[in-house]
């Protein structure tokens, strides 16, 4: 039976880089954001309900979702954000569960769930939580470098996410990503050895019961 570790962290913490390090070691990897993207891609099963709730203005003339328009709309309105989440979260949950069922032989796998702290229903899918942490200034710098957003825009996104202290309270394990990619790989390798050991001998190890 494959046991699942939920990998989470704030924007710019290095979640995807850490998840890729695990994948490079042969660990099964599931990405909640990738699942969400597939659900809203061309012919994605979430599109009809999104169109019904948000109208044609969030779609282009080819019927493709205008993600930038939808993102601005939900970012500016908590009620619209909740409406979108009412559509997407159950579908993402089901997609992750479906993907998990395709893995049975590995000792453990990684599920990358950025909003795990905010959306606790996903905890039922995992056994243990790994939080990727990084100093705030490093996080802001990373996001600015890759996205072109201003410092103020990045800070606004961070302010809408769970706090670092909230993520740390949920965590079984914490990986501090405050250095180079080489350092991140080394820390990931140590965690891989740890997880491989505990899940081989004690598959229920952890405070979560997914």
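Glycine residues also receive a Cβ, built from the backbone N, Cα and C atoms like all the rest.
The feature ATP binding site is assigned by Swiss-Prot to 12, 13, 14, 15, 16, 17. As annotated by Swiss-Prot, domain 'DPCK' applies to 4-202, with the evidence given as sequence analysis.
Structure with Swiss-Prot features highlighted.
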residue : record           : Cβ contacts under 8 Å, 6 or more apart
12      : ATP binding site : 134, 138, 139, 140, 141, 142, 143, 154, 158
13      : ATP binding site : 132, 133, 134, 139, 177
14      : ATP binding site : 132, 134, 142, 177, 184
15      : ATP binding site : 7, 8, 9, 112, 114, 132
16      : ATP binding site : 31, 112
17      : ATP binding site : 177, 181, 184
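Taken residue by residue with DSSP, residue 16 (ATP binding site) is part of a helix. Mean pLDDT of the predicted structure over the domain 'DPCK' (4-202): 95. Other residues of the same chain near the ATP site, with their Cβ within 8 Å of the Cβ centroid of 12, 13, 14, 15, 16, 17, are 9, 18, 132, 134, 142, 177.
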